[in-house]
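Pulled from TrEMBL, these are the features on record:
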TOPO_DOM  1-675  topological domain 'Cytoplasmic'
DOMAIN    36-251  domain 'GB1/RHD3-type G'
BINDING   Gly46, Pro47, Gln48, Ser49, Ser50, Gly51, Lys52, Ser53  GTP binding site
TRANSMEM  700-719  transmembrane segment
TOPO_DOM  721-830  topological domain 'Cytoplasmic'
REGION    755-830  region 'Disordered'
COMPBIAS  758-784  compositional bias 'Polar residues'
COMPBIAS  785-795  compositional bias 'Low complexity'
COMPBIAS  796-806  compositional bias 'Polar residues'
COMPBIAS  807-817  compositional bias 'Low complexity'
Amino acid sequence: MSNEESCSTQLIDGDGEFNVSGIDHFIKAVKLGECGLSYAVVSIMGPQSSGKSTLLNNLFRTNFREMDAFKGRSQTTKGIWIARCTGIEPCTLVMDLEGTDGRERGEDDTAFEKQSALFALAVSDIVLINMWCHDIGREQAANKPLLKTVFQVMMRLFSPRKTTLLFVIRDKTRTPLENLEPVLREDIQKIWDSVPKPQEHNETPLSEFFNVEVVALSSYEEKEEQFKEQVASLRQRFFHSIAPGGLAGDRRGVVPASGFSFSAQEIWKVIKENKDLDLPAHKIMVATVRCEEIANEKFCGVNTNEEWCHLQKAVQSGPLVGFGKKLSSILNTCLSEYDSEAIYFDEGVRSAKRKQLEEKLLQLVQPAYQSMLGHIRYGTLEKFKTTFEKALNAGDGFSLAACTCSQFCMALFDEECAEVVIEQADWDTSRVRDKLQRDIEAHVATVRAAKLSEITSSFEGKLNDALSGPVEALLDGANSETWFSIRKLLRRETEYAVSGLSNALSGFEMEEETKELILARLEDHARNVVEAKAKEEAGRVLMRMKDRFSMLFSHDSDSMPRVWTGKEDIRAITKTARSASLKLLSVMVAIRLEDEADNIMKILSSALLDNNSNKSVATHDPLASSTWEQISQSKTLITPVQCKSLWRQFKSETEYSVTQAVSAQEANNRSNNWLPPPWAIIALFVLGFNEFMTILRNPFYLFVIFICFLLVKALWVQLDISAEFRHGALPGLISLSSKFLPTVMNILKGLAEEGQEAATSDSQGNPPRGSKSFQNGVKTGSNMSSSALSGVTSSANESVKTGSNMSSSALSGVTSSANESAYSSCPKEE
């Protein structure tokens with residue numbers, strides 16, 4: 001092991017001179033200034049020639065000078081030496097003190113021993129006390145003066161440090177450590193009790209100043225291997241010795257590494273001057289520096305604390321369970337650690353720095369606290385909305401549900417705020433609470449308006465369903481009782497809806513005036529529905545009138561389609577249908593929701609149906625006005641002038657149906673009178689008796705008549721004479737004249753082709769036919785005529801096309817003339 005690795009340096013020489021240049025060089029060499037507070041100081045005390053340097057070299061791999069046993073037992077270490085432990089983290093400095101009870105200094109020269117012991121206690125975190133195993137239990141053994149020295153000088157420290165006293169029992173015998181340790185601790189306690197202490201520390205236990213640890217090592221000379229194994233095990237305890245749970249884990253008042261040299265110089269200077277280290281000026285100065293350092297350290301520790309960072313991050317996204325307790329615990333831990341580390345500093349300085357630290361911590365956590373309150377307020381508001389909605393859905397009254405849910409949620413908010421309260425802060429949550437109260441009231445008002453709108457809309461919708469369809473049906477079947485039925489329906493449905501709405505509004509605990517206003521609006525809505533439906537139907541009145549006219553005119557009393565056989569009184573049927581349509585018009589001209597009589601039907605009947613009215617020389621037209629005398633303009637749907645115009649249009653659009661009925665009746669009469677009168681038939685029979693007998697006497701005539709019958713029948717079928725005369729005699733004759741000649745030619749052509757085929761079959765050896773065959777031939781000829789007629793149809797149709805097209809214009813003209821003549825013959829209403 002080289003000297004450079006451990007950098008062993010004499011800190012204080014045997015004459016008590018502090019090696020300033022040497023310590024500065026040492027600190028630079030080991031880069032102590034970069035360690036901050038992460039370093040430890042270990043020192044060793046013990047009788048001279050007790051193997052202290054040997055123990056340190058084996059334990060920390062240093063290179064302190066060791067005694068040469070072959071040269072005799074004498075003083076090896078003079079003054080105080082310092083070195084860096086090799087391979088141990090954090091950076092650990094070890095000081096080898098000059099041995100006590102040395103013959104070189106003599107019995108009375110114990111000043112340096114006490115000074116070095118005080119220095120070691122002032123700057124060391126761990127003090128190794130090297131003892132011989134056989135000295136334990138002895139009253140005057142060498143360890144007693146050493147312990148008394150340690151305890152006495154401890155009282156002179158300005159800030160008692162909690163130092164770890166590690167008693168190293170050397171050359172352990174067969175006596176188990178479990179038996180040696182209680183004896184050693186008992187001796188230590190007796191020495192502590194017997195040492196004179198300041199008044200404030202009379203009752204202070206030993207554990208307040210010292211952590212006492214005991215280890216035992218075998219003899220280095222006799223059991224070297226076992227000794228090294230035990231030392232290696234002890235070495236592990238110095239790794240991370242300042243960490244919680246380490247040998248120096250609870251040390252206090254640590255001087256930053258960059259100020260170690262200056263602090264050590266000042267401490268040694270005070271000790272050399274034989275002054276106590278509790279000088280007021282020094283105490284205030286050190287307390288100010290150290291308390292501020294501790295406060296900054298603790299604040300930085302909180303700022304980088306993993307749990308606080310997690311809380312700070314988590315609270316940004318949502319509420320956190322146990323926020324107040326966790327944060328209070330972090331702050332309490334920080335302040336407790338500050339109090340613990342600054343407990344021996346001046347109380348005034350300590351309190352002032354603590355207050356500053358607390359203020360900085362509260363400023364640090366206040367944004368998170370405010371965010372948490374915001375989450376609680378938002379969550380409580382959402383909870384209120386959900387609870388309030390459930391209460392309303394369960395059927396609770398609106399006002400009762402709002403009051404109950406509001407009280408519940410405000411109590412819940414208070415409970416949750418109590419959970420996030422930070423013990424160290426006295427922050428008021430009333431502003432957030434008031435904001436929540438206002439938010440709840442605003443939500444209640446919004447829901448109230450929405451619910452009232454929903455309820456009224458629901459009842460308005462029910463009124464729409466209950467009134468629209470029935471009113472439309474009543475207006476469609478308009479009669480003298482229509483508006484009475486509508487008023488009755490409106491009154492019944494309105495009373496039912498108002499009663500239901502009144503019951504629904506009872507849970508809102510509103511003022512009576514407001515309630516009456518809402519109910520009045522519902523009644524107005526019902527009237528508006530009826531009026532809107534009446535206006536809608538009034539816009540379709542002409543269609544309704546035509547539908548009613550068509551139903552009554554085209555159907556009989558059994559609602560069966562009417563067949564115009566010629567026996568019906570078209571004039572009476574037309575008048576009845578028009579009267580019913582006029583009745584519908586009279587119902588639709590105005591809204592009659594008040595039970596007031598009027599004479600609108602009488603005015604319309606006299607002006608539009610009464611024929612005598614046109615013949616009278618009246619100077620006043622009752623329909624030549626834009627208002628009705630007994631109806632207000634706001635209730636008027638169809639003005640008198642509009643009624644007159646509608647009636648004129650109605651008559652014009654229904655005139656065609658009347659004309660068609662008259663034409664159908666005349667056509668039916670003509671189709672039923674195609675036979676001659678009975679007297680003509682009798683005269684024809686009497687006058688044609690001789691001709692009839694002649695035909696009977698000569699069968700040839702009968703055959704000729706039969707052939708003519710077949711030809712006429714073929715012409716009848718081919719020309720479809722009955723269909724041609726359906727539209728009148730003149731149009732039928734014109735159409736037949738254009739089709740007659742081509743049809744006859746086609747029939748003759750077909751007969752000629754049939755005769756040619758018969759001749760061809762005779763020339764091919766068909767057997768001769770007898771008289772009976774002649775009769776069959778007649779039948780065959782008849783069939784031939786039929787087949788010829790059917791075969792010629794297509795040719796005749798093609799030939800007739802030209803003639804038909806030529807006569808179409810003439811036919812349309814004739815048809816128009818026929819319609820005009822038929823229209824002139826139908827009854828007219830003026």
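Just so you know, glycine gets a Cβ as well, placed from its N, Cα and C.
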Across all chains shown, how many C-beta atoms besides its own are within 10 angstroms of the C-beta of Ser53 (GTP binding site)?
22
Could you check the binding-site residues Gly46, Pro47, Gly51 and say which one's CB has the fewest neighbouring CB atoms inside 10 Å?
Pro47
Looking at the binding-site residues Gln48, Ser50, which sits with the largest number of other Cβ atoms within 10 Å of its Cβ?
Ser50
So which one is it: of the binding-site residues Ser49, Lys52, which has the fewest other Cβ atoms within 10 Å?
Ser49
What is the pLDDT of the topological domain 'Cytoplasmic' (1-675) when averaged and given as a whole number?
82
